[in-house]
Amino acid sequence: MRTAEIREKFLSFFEGKGHLRLPSFSLIPEDDPSLLFTSAGMAPLKPYFLGAKPIFGGREWRRVTTCQECLRVGDIENVGRTSRHNTYFEMLGNFSFGDYFKKEAILWAWEFLTEHLKLDPGRLWVTVFEDDDEAYEIWRDLVGVPEERIGRFGEDENYWPGGAITHGPNGPSGPCSEIFYDRGPAYGTPDETGPNTGSGDRFVEIWNLVFTQYDRQGPIPGPGILKPLPQKNIDTGMGLYRVAAILQDVEDFYRTDTFFPIIQEVARMSGRPYEGKTSVSHRVIADHVRAVVAALSDGATFSNTGRGYVIRRLLRRALRHGYLLGLSDPFLHRLAPLVAELLGDFYPEMRENLPAVEKQIRLEEERFLETLEGGLKRLDALLSGLKPGEVLPGKEAFRLYDTYGFPLDLTVEIAAERGYGVDTEGFQKAMEEQQSRSRAAMAFEREIFKKGAQVLEELYAERGATEFLGYNALEAEAEVLALLAGDQSLLEAGPGTEVQVVLDKTPFYAEGGGQIGDFGLLEWPGGRARVETTRKTERGIFLHKARVEEGVLRVGERVRAVVDPRRRDTERNHTATHLLHAALRAVLGPHVRQAGSLVAPDRLRFDFTHPEPLKPEELERVELLVNRWIMADFPVTWRYMPLEEARKEGAMALFGEKYGEVVRVVRVEGSPLEGLESKELCGGCHVRRTGEIGAFLIRSEEAVSAGVRRIEAVTGEEAIRFARGSLNRLKALAERLEVGEAALEERLEKLLAELKEKEREVESLKARLVQAALGGGGGASLEEKGGLRWTVAELPGLDAKALRQAADDLVARGADVALVLSGGQAVLKLSPKAQGMGLEAGALFRALAEKAGGRGGGKGALAQGGGLDPRKAREALPGLLP
């Protein structure tokens, strides 16, 4: 039976038992920051186990079934080496939130396994918690499992969470019952006589039934008290791939139909045949590529922290095993389409996101293989210096790992092939000495010898400001002068470390004049750091905020500084900002002055002084002037001059910017006929000619504050994308309304007029409905207490507005306290007389809700809410009146 068929049989079976089938939730938990990935079938349903109402599709469902994709990396070192561990798996589950309990869960599990999957009842074993007589008796008396195939175990094996009674945590917990399948003596060891015995694979756990019935309370650690929960829940999990291996009669899940095609493709790529349990690398690659594709398809990205590092680690581990098979070029991305083909029918996001996933994997592979190549060269040099039979020192093996990300197992493998050993104990000692923070990231802070501010002052005194090369180049060779972390100076920084890098010269533009700081890469032999942004001190020393991704960055290192090519888009937007400023002055008048700006690769934002919103024709005129300027392809030039001279020439200064004695003036020629010319003091980056901007489109115009307006615009390809998107939306709207685009506005006006007329009709009908309901009584007879007339009316089918109108009408008819109910909604209205006697609507409604259920509030004469029991409300209201 194919895996997809098993999955469908399970979900259909429990649908037949009154369960709602839900699609798999994302691997990326939406509202649970405690989880990196969804790691169990019940994880996305946690709120409903804790008491939240399980509302799906507008109704309450107490029974749910899912096939949930999960990702766990706690036992990653065992993946590929055993038949029980994998990272990405699918968990079949049926859940009850305060509905059925042990009897149904056990009977249905047995029914599904024996009648629908046709498993031999004689090969099924079960275990229960040692004190759970109820579950034991259900298995023995109702199901008919012989006592010799029912095992009783303690809290470590058959209680959830494991060991909770003695060790905690406090909270919902309960016994569990596990179902095992006996694969026969061929899969076991002599000491394996039943579930949880021996070390073989004979007895395979296929289903765990958790009976959440207690609230564990007490000291941690220490013996806890188990108090019965008011709501008893069922949480079950069946391992889809384990069941598939049994039904497909293969030795383990690696040979099932969703795994084995990947293993076969790895064997074909590498020329190394798969030989079962000994082919660890084939297994690791198949497992890890599935996990990486699934995580990326759900929105994860590679990074050095959190879930991004988990999938990076999985990819690199798979690449290392590929290297052991002789796969020295990127190959994992070529397996991604196969993963999507095998799983995409049930997880369509894998097919939908495949192009992006392939690209991400390819780029990540290329980066890591570059690192491996550098490590291989270093290892070759080290081994060449050893005598036959000697051992590579552990500190050298660790340096390979530290600097090049070169894995120890690969070092051992290559050294062994050439007749050398590796001091693995020395490797571990070196790692401990470096005080590795975790497997997720490592940071090195050697010889913290000076405060960062002191270092910057000394650098400026010795070398002056950073030399900026970015006006003419996006790449440059530079020397690392300092590394700063917080207020401390470092001599070196390893993978995962975030530092401020000071270079002797740089092509990176430092944030200023509205233009964002450049981002990109610093590269050196065996290493790379990603620059996230660039700023500079008042003395002109550039600080590159960077995170080391590969290798170790050291003071004195020669690096290649590479600005991200999107800087060209920033240049387009910066020059366009100057053109926009001049065009606004030409259209609106000389009162327009810059009041702020943002220049980024994907957009520009320009704040300017102007007292009122721009008229549509003014915006159109501004946009047209800028685009004519662009099409004319005028030159953009700049030169340095004394500040006073620049001001005399009419160069405009930027808002909030500080200038020195000598300034840079950027000039853009314009058409004398249009009265256009731009001349501004600016240290930013610009295009050489206006034609390079391509196009200019205004996206929005709005107020920032009194007398200050803001325009957001796009240029170049972003402008084309924006225009195309707008046209596509217009076309789609026209098609939806079944008119030509030219007639769209007329059609919309007609529809809006019709809508207003219908709304008037609806309001009229609601008013008549209220009057009819009140005229019919609606249970709204007036009663009196303490001089106040009160009434409770039930009027089905009204919305909140109509309810308020009904309450107003009742007060107008003489009621001092009117409570109107419709469905789950309620409105309470007081007359001036009732208020004069000290009643307040909000307080009265809350008091009523305490006695009749529900919730709500208000103030003065009006309160509203929902959930009141009509009978209880009618009985309770007079008792709350004075």
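The backbone N, Cα and C atoms fix where each Cβ goes, and this holds for glycine too.
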TODO: Kindly point out the range from 163-192, 523-552, 853-882 that Swiss-Prot annotates with region 'Disordered'.
DONE: 853-882
TODO: Using a 10 Å cut-off, grab the number of neighbouring Cβ atoms around the Cβ of HIS578 (Zn(2+) binding site), all chains included.
DONE: 26
Task: Residues flanking the Zn(2+) site, with Cβ no more than 8 Å from the Cβ centroid of HIS574, HIS578, CYS682, HIS686 and excluding those residues themselves - done: GLU571, THR575, THR577, VAL599, VAL636, VAL666, GLU680, GLY684, CYS685
Open item on the list: Please give me the CB contact count at 10 A for HIS574 (Zn(2+) binding site), counting all chains in the structure.
Closed with: 26
- [ ] Using DSSP with the three-state reduction, classify HIS578 (Zn(2+) binding site) as helix, strand or coil.
- [x] helix
